[in-house]
Amino acid sequence: MTLTTRDIVMIALFAALTAALGLFPPITLPIAGGVPITAQSMGCMLAGALAGAKRGGLALALFALLVAIGLPLMAGGRGGFGLFLTPSGGFIIGFAAAAFVIGWLFARHSGEVPLVTSIIYIAIGGIGVVYLFGIPWWAYTAEQSIAIVAGKCTVFLPGDSIKVVLAALIARGVRRAYPGL
Amino acid sequence: MFDLYRPGTSFLHRAPAGGKVLALAVLGTLTFLTDDIRIIAAGLAVALLLYPTCGLTLKNAWAQIRPTLWILIAIFIAQVIFNTWQLGVFVVARFGLLLLLAGLLTLTTRASDMIDGIERGLPFLRLLGVNPAKVSLALSLALRFIPVLAQITKDVREAQRVRGLENSVIALAIPLFVRTLRMSDDIADAIEARGYRP
């Protein structure tokens, strides 16, 4: 795997962007459970859609590394290696896989990806893949059945859907304004 | 640095970062291998004692738990409903222990020391075909980018407020991304212009 200097800078940029999205004042929607919806999971969606599979995946892997070494970069100022051992751990790893999958799906098109298609792609990665990693680890660490945890995660789905659509719109706008990606 | 480090001179502060990470990984794994609440309780007591021993307060310890409190409560309730309250106590206690141990690492280790430790551990990456210098560059760049991004976000937000667009996420995000992408291209050029060949 060869990485140019530009690749490295972009990997660092999208890792930092994901971190910055956690610092963003959360888009507070009063939803069930009182769980604040933060912009953070949009980091993996945008990294995949804009930086591509390799750079996007590595950017979120770098983000996970930064969290692991103790920087308070997860939404709400959380950080540290311990997070990986809590239910959040699977989600952090899932972000990297999701960015990779989204980037790979987008790379199947040569021109502009139609909006609906890109919404589907981002949903596959940003919701499907993230929970594919997040739910089993949550279930394992909390000693609960997968079904129960999956049921709890439905609370996040409305927020996730909004983020998917937003990410698709942002990705389209950025690609149009900055075609050199 | 904007890390969570609390300065001090205790033995944990002086211990090498790599050793502490390794110890945490081993202890963290051990907590998943036991199903004896007494071992977890003993671990909790030791971890809580280590906080004042290392010049930290119990408030610091609580700060490790508090952000995850709602998850812990949700897990406990679910365990009581679907399993037993004993299992609920056990799972929550194990989480508490993990968070406290990880907090000890985070609070007694500078992020910069952690990065140095990682960079020293990186050469093994060569065996996997990864260039450690590139990983190291990406790490330092990402750390530098975070405050820069916060600044650019502020600038764009101000500019959009003038236009009455401060509530539009898209009107904020697109210029933010375009600006940062342009900046990253410039940085890549600048790095190459200085003859950097990792």
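Cβ atoms are placed via backbone N, Cα and C, with glycine included.
A Cβ distance under 8 Å defines the sequence-distant neighbours of the transmembrane segment (B:12-33), meaning residues of its chain 6+ beyond its ends; these are 40, 43, 50, 54-55, 94, 97-98, 101-102, 104-105, 108-109, 113-114, 116-117, 120-121. Here TrEMBL flags B:12-33 (among others) as transmembrane segment.
A Cβ distance under 8 Å defines the sequence-distant neighbours of the transmembrane segment (B:39-58), meaning residues of its chain 6+ beyond its ends; these are 6, 8-13, 27, 31, 90, 93-94, 96-97, 100-101, 104, 107-108. Per TrEMBL, transmembrane segment is recorded for B:39-58 (among others).
Same-chain neighbours of the transmembrane segment (B:65-82): 88-89, 91-92, 95-96, 99-100, counting only residues six or more beyond its ends whose CB sits under 8 Å from a CB of the stretch. Per TrEMBL, transmembrane segment is recorded for B:65-82 (among others).
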